[in-house]
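Swiss-Prot annotations:
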- Gly39, Gly40, His41, Asp59, Phe83, Asp100, Gln107: S-adenosyl-L-methionine binding site (BINDING)
- 303-334: region 'Disordered' (REGION)
Amino acid sequence: MSSAPCHTTVLREPAVDALLARAGPAPAGTWVDATFGRGGHTRLILCRLGPQGRLVAFDKDPEAIAEAMRITDARFSIRHQGFGQLGQLPAGSLAGVLMDLGVSSPQIDSPERGFSFRFDGPLDMRMDTTRGLSAADWLATADAGQIAQVLRDYGEERFAGLIAKAIVARRQARGPLARTAELADLVAGAVKTREPGQNPATRTFQALRIFINAELEELQQALAASLLVLQPGGRLVVLSFHSLEDRIVKQFIARHSRQPFDRRVPFAAPQAMQLLALARVRPDAAEVAANPRARSAIMRVAERTQAHGAERSDMRRAERPDARRAEHGEVLPP
């Protein structure tokens with residue numbers, strides 16, 4: 001196994017500043033780092049919290065859990081769970097939630113994890129390597145229609161059909177794909193039109209990673225849960241790194257920061273808005289120059305209001321990852 005690459009946390013100070021903005025000089029209460037990663041945000045939050053503060057972190061990656069276990073601060077605890085399980089925490093118990101979405105540098109730069117077309121390694125792509133199907137497992141059984149749909153839905157790949165047919169043809173002729181280099185070469189051969197400055201396999205790798213890890217569905221679950229677990233005045237801070245993530249976050253905040261209107265009762269709204277949209281922040285030029293991976297980041301900040309609403313029904317409406325994955329042909333355990 002290769003040594004873990006270095007990870008530079010994007011918008012580290014601005015994100016923690018936004019999270020703790022209303023908390024005073026020695027923040028108490030319970031806070032959540034929903035995506036521990038390598039602990040960049042977690043460590044800064046712990047530096048800022050007062051003695052009565054508590055920080056709970058979530059992560060699916062066993063390597064992230066191992067890193068988190070090195071933190072001996074009694075105010076900190078780690079859960080080996082995806083942040084879609086945020087709703088397991090007590091209602092109204094949290095002073096703030098920080099979500100840093102997507103894949104971390106140690107994950108994408110480790111060939112054995114299979115996230116990148118830049119290195120040859122096993123075609124895995126699972127954030128939690130202890131469970132679930134790898135990308136190779138799924139591609140070994142999915143039909144061309146299922147593969148094409150995933151590439152369209154999660155990669156916005158306009159050559160999805162051609163790539164899917166090439167994957168199935170390769171499987172029938174030579175056996176299933178097992179390595180990242182095999183998939184990258186196959187996509188390069190199938191896609192004749194190049195986007196300037198972008199590897200032709202970029203969208204395919206993104207789509208498979210998002211699908212295998214149910215990333216967008218888990219995000220929807222966590223956002224819905226945030227309405228339930230945040231206390232009034234609690235902050236929601238979300239960092240996204242591509243348009244599919246940011247669209248979900250933007251629409252969620254917009255939907256819950258509008259005053260609902262019931263046509264049947266034109267003189268009164270049935271509930272008040274549940275979120276107050278506060279900010280949209282991009283990394284400055286200095287951060288992008290120091291860390292080019294920050295260039296696509298968008299941070300959105302919202303605050304939970306006093307309003308009560310149908311939080312639990314929102315959580316039920318949030319699309320279940322298993323249901324979405326089943327649509328794309330994955331055989332799920334009972």
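Each position is counted from 1, following the chain as shown.
The backbone N, Cα and C atoms fix where each Cβ goes, and this holds for glycine too.
Feature map: annotations from Swiss-Prot on the structure.
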{"residue": "Gly39", "record": "S-adenosyl-L-methionine binding site", "contacts (Cβ under 8 Å, 6+ apart)": "Ala57, Ala64, Glu67, Ala68, Ile71"}
{"residue": "His41", "record": "S-adenosyl-L-methionine binding site", "contacts (Cβ under 8 Å, 6+ apart)": "Thr9, Arg12, Ala15, Val16, Asp33, Leu98, Asp100"}
{"residue": "Asp59", "record": "S-adenosyl-L-methionine binding site", "contacts (Cβ under 8 Å, 6+ apart)": "Thr35, Phe36, Gly37, Ile65, Ala68, Ile78, Arg79, His80, Gln81"}
{"residue": "Phe83", "record": "S-adenosyl-L-methionine binding site", "contacts (Cβ under 8 Å, 6+ apart)": "Ala34, Thr35, Phe58, Met99, Glu218, Ala222"}
{"residue": "Gln107", "record": "S-adenosyl-L-methionine binding site", "contacts (Cβ under 8 Å, 6+ apart)": "Asp61, Glu63, Arg113, Phe115, Met127"}
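Around the Cβ of Asp100 (S-adenosyl-L-methionine binding site), 25 further Cβ atoms fall within 10 Å across all displayed protein chains. Reduced to three states, the DSSP call for Gly39 (S-adenosyl-L-methionine binding site) is coil. The DSSP secondary structure for Asp100 (S-adenosyl-L-methionine binding site) is strand. Across the residues the record lists as binding S-adenosyl-L-methionine (Gly39, Gly40, His41, Asp59, Phe83, Asp100, Gln107), the two Cα atoms farthest apart are 17 Å from each other. The secondary structure of Gln107 (S-adenosyl-L-methionine binding site), as reduced to three states from DSSP, is helical.
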